[in-house]
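Peer 1: Take a look at the following structure, please.
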């Protein structure tokens, strides 16, 4: 009896100590654990090996070893081989997962690190970044006890789409990706590649950001409007492509099937990535605009997002435009336009300081504080008029400087809503002080009419300038985060609220003065302490808005 007890203890110890820390590299080829003279079980192991149907080069996937109901396993070893039976890929080391180097390939196999009975193991495996692999097979050995194990259980061959868009970039393809400098690093969230094979062009579109669509536009300007677009869209039926035309800033309109411009070649959707290959004819007319891909240069625009409608894609969450027009027949790597150029940064900062800051303060002072300092003058001018004139003169100078700066930067005219409205604001900005030079004398009968036109013209100019800044936020090339819109909207709300408050105080003050005095002289209105305190608050908050917007724009928080 004692001998049987000792034998049982030895078997139990042997059973535990034989594989507590996993397999060794010596078992990479045969995948047979060294468990003395025990032989593998026949048939399938009591587990399910869960892997995707398709794997893209360079992607990470989850590989799940799951025990059948009522079963468990103490140890495992798993690795992957390609169609030539070579070890490939690597596993990611996590708690309870040990890595082995098979075929001198670091982390190419994974194994257990303890002998605790398991019902499920979730592994992360990364495919190699190469287009030479067409299929992958996973092999697993499962150990239930020292004497019970299954060897080299394998999955069916997993297809690897040969999509390597990066292959040939700058050599045979013109490649444009987002974010900046992502093409050399093969790390783009969105990528377009154009190959010219006379007479046709092949367009490849890739999104790795789990978008429902990625779209590429060809445009004569850096705005999203008036562009010929190729869409790569994820639908319930699978991946497909559409041709569309962007209309100003309002969206995109799909073109009918009679516009035979593109042919869909292939597409796939794997691990949150979508890919399309499309052929496009070299010459076409889209919405009345001619596109000669062989002889003309175009800006490249990329956009991606989640919203997909029945007739168009929706708002994009990621976007970018090329830094210059390019010729699609020339292989090259095209970088994205960024907001880091000093001239462009200067332009943005000058316009923010002018129209969010100085003009807002100058307008409020002129409108509500004419009677706040009746006995105070500066440089021979009423105090309110001096500060109003100073703010508006600085606005005039900085606007002219900003206009010159952006033209020096671009070196050309670029048609867009922002540019057109910016020119209108510039013209109004020049007209306003010129008109002020010819204002009638205070006692002239035409003075009230002049005052009304001067006030209205200034208000309209300020309104157009703020709207123009709103348009700038939506430009891909500006690189501003979407929350900039909320900052601008908060400024507008605060600005309008303060107008209402100042107007109310002025009306109440006028009513109180009329009740207490018959004089219509220029005495200070009541509530001036409150009014001036609120002016200090107003100026402080406006400065805060200016600083925040300049910081967001200058530092490019995207």
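Glycine residues also receive a Cβ, built from the backbone N, Cα and C atoms like all the rest.
If you look up TrEMBL, you'll see 1-18 marked as signal peptide. Per TrEMBL, domain 'Reelin' is recorded for 9-174. Look at TrEMBL and you will find 186-305 tagged as domain 'DOMON'. For 309-508, the entry in TrEMBL reads domain 'Cytochrome b561'. Per TrEMBL, the feature transmembrane segment maps to 348-369, 390-411, 417-438, 450-473, 485-508, 529-555.
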Peer 1: Counting Cβ pairs under 8 Å to the transmembrane segment (390-411), which of 348-369, 417-438, 450-473, 529-555 comes out on top?
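Peer 2: The stretch with the most close Cβ contacts to the transmembrane segment (390-411) is 348-369.
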Peer 1: Please indicate, using numbers and ranges, the residues of the same chain that are 6 or more beyond the transmembrane segment (529-555) and have a C-beta under 8 Å from a C-beta there.
Peer 2: 339, 345, 348-349, 352-353, 356-357, 360-361, 364-365, 368-369, 372, 478, 480-481, 484, 487-488, 490-491, 494-495, 498, 501-502, 505-506, 509
Peer 1: Counting only residues 6 or more past its boundaries, what in the same chain has a CB within less than 8 Å of a CB in the transmembrane segment (417-438)?
Peer 2: 223, 225, 248-249, 355, 392-393, 395-396, 399-400, 403, 450, 453-454, 457-458, 460-461, 464-465, 467-468, 471-472, 475
Peer 1: DSSP says what for the domain 'DOMON' (186-305): how many helix, strand, coil residues?
Peer 2: 0 helix, 79 strand, 41 coil
Peer 1: Averaged over the domain 'Cytochrome b561' (309-508), what pLDDT does the prediction give?
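Peer 2: Mean pLDDT for the domain 'Cytochrome b561' (309-508): 85.
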